[in-house]
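Below is one structure, written out as structure tokens, with a few remarks after it.
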Amino acid sequence: MSKRDFYEVLGVSKGADEREIKKAYKPLAMKFHPDRNQGDAASEEKFKEVKEAYEILTDENLRARYDQYGHAGVDQSQGGGGHGGFGGGADFGDAFGDIFGDIFGGRNGGGRRGPARGSDLRYTMELTLEEAVRGVSKEIKVPSLVHCEVCNGSGAHTGSTAQTCPTCHGAGQVQMRQGFFAVQQACPHCHGRGKIIKDPCRKCHGEGRYQKTKTLSVKIPAGVDTGDRIRLSGEGEAGEAGAPAGDLYVQVHVKEHEIFVRDGNNLYCEVPISFTAAALGGEIEVPTLDGRVKLKVTPETQTGKMFRMRGKGVKSVRSGQVGDLMCKVVIETPVKLTESQKELLRQLDESFSGAAAKTHKPRSEGFFEGVKRFFDDLTR
């Protein structure tokens with residue numbers, strides 16, 4: 001099945017910068033996240049599609065490949081990990097190497113030149129809003145290929161050594177003639193390594209590395225948000241025959257909070273207040289991530305009014321600036337009234353009628369006057 005355009009998936013233009021891409025990604029990731037759509041296979045596929053698009057378009061190198069070659073330029077780079085939520089990285093040549101390898105009889109038309117660097121891995125870490133705002137250290141378990149400590153990555157059994165390949169004489173490549181062309185390809189005898197292991201290591205079976213789930217401690221800085229990525233250098237898969245290891249990229253996903261909604265460095269919440277507090281004003285308690293604080297409500301406050309509490313938001317992980325907490329007032333209508341309470345409200349409402357209506361209820365009176373004028377105009 002053909003893939004959708006990554007820019008279309010996120011709903012951004014091809015000229016979108018990283019900030020715009022991140023802003024588009026967050027609501028989509030929250031909408032289709034498996035935790036919110038348990039058992040919904042369609043939403044899970046959508047989440048994977050959105051996540052893949054974000055990872056490609058926020059990686060400068062991968063985005064350049066995608067812009068030039070489309071999906072063919074990045075599909076191989078994202079594949080090869082095969083460890084649950086992980087994906088391995090690969091050199092750009094690998095995206096097309098198999099095509100030429102099939103034609104000329106080898107894995108890559110140009111042949112492999114020495115041991116390959118280990119693949120990069122990806123891990124998605126879920127955080128609560130509190131953990132993201134304050135920072136946290138967490139242990140994660142990562143399935144990976146690790147360096148064999150028994151043979152020290154050589155692949156040879158203790159007491160033996162790898163022998164120079166008699167076919168390519170250690171070059172890792174052989175020259176093959178295809179009609180008029182002489183083509184370099186990976187040596188089929190040693191698979192491009194230049195060495196032959198006759199007595200392989202019992203632990204890694206001659207590979208120099210083996211599969212293991214390793215435990216890592218990851219320090220998450222304060223202020224991270226959904227879409228942020230943390231690179232752990234050298235914590236990816238071990239390289240072949242002592243080549244450098246790849247990197248591990250920890251992708252942050254912040255779970256929804258029951259009270260607060262985050263937008264950049266600002267936090268938003270709704271605060272219910274009684275209609276008497278709204279009319280007369282006073283102090284109310286509002287929640288913050290540091291505990292409850294007092295908020296002064298001005299008299300005659302209308303529902304929907306926003307109060308700003310400076311410095312009660314999130315400290316930026318990049319600039320160090322602290323955002324604000326925006327409290328939206330929602331006036332609560334009293335319920336389950338007694339007869340005496342209903343009578344008091346009727347008396348109060350009557351006191352607002354007549355000539356006093358415009359003074360005490362300017363918005364509603366203005367609205368109904370506007371409605372009356374509208375219908376009067378229709379009947380003329």
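Glycine residues also receive a Cβ, built from the backbone N, Cα and C atoms like all the rest.
Annotation source Swiss-Prot lists Zn(2+) 1 binding site at Cys148, Cys151, Cys201, Cys204, citing sequence analysis. In this structure, Cys148 (Zn(2+) 1 binding site) belongs to neither helix nor strand by DSSP; it is coil.
DSSP assigns Cys165 (Zn(2+) 2 binding site) to coil in the three-state reduction, placing it in neither a helix nor a strand. Taking the Cβ of Cys165 (Zn(2+) 2 binding site) as reference, residues of its chain lying under 8 Å away and at least six apart in sequence are, in sequence order, Gly172, Cys187, His189, Cys190, Arg193, Gly194, Lys195, Ile196. For Cys165, Cys168, Cys187, Cys190, the entry in Swiss-Prot reads Zn(2+) 2 binding site, with the evidence type sequence analysis.
Taken from Swiss-Prot, the feature domain 'J' applies to 5-70.
Marked as repeat 'CXXCXGXG motif' by Swiss-Prot: 148-155 (among others). With a cut-off of 8 Å between Cβ atoms, the residues of this chain six or more beyond the repeat 'CXXCXGXG motif' (148-155) that come close are 161-162, 197, 200-204, 206-210, 238, 241-242.
Swiss-Prot lists 165-172 (among others) with the feature repeat 'CXXCXGXG motif'.
With DSSP states grouped into helix (H, G, I), strand (E, B) and coil, the repeat 'CXXCXGXG motif' (187-194) comes out at 0 helix, 0 strand, 8 coil. The repeat 'CXXCXGXG motif' annotation in Swiss-Prot covers 187-194 (among others).
The repeat 'CXXCXGXG motif' annotation in Swiss-Prot covers 201-208 (among others). In the predicted model, the repeat 'CXXCXGXG motif' (201-208) has a mean pLDDT of 89.
Feature annotation from Swiss-Prot assigns zinc finger to 135-213.
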Which of the three DSSP states, helix, strand or coil, fits Cys204 (Zn(2+) 1 binding site)?
coil
Looking at Cβ-Cβ distances, which residues of the chain lie under 8 angstroms from Cys168 (Zn(2+) 2 binding site) while being 6 or more apart from it?
Val174, Cys187, His189, Cys190, Gly194
Name the residues of the same chain, 6+ apart in sequence, whose Cβ is under 8 Å from the Cβ of Cys201 (Zn(2+) 1 binding site)?
Cys148, Val150, Cys151, Ser154, Gly155, Ala156, His157, Thr158, Gly208
Let's check the environment of Cys204 (Zn(2+) 1 binding site): how many other CB atoms sit within 10 Å of its CB?
23
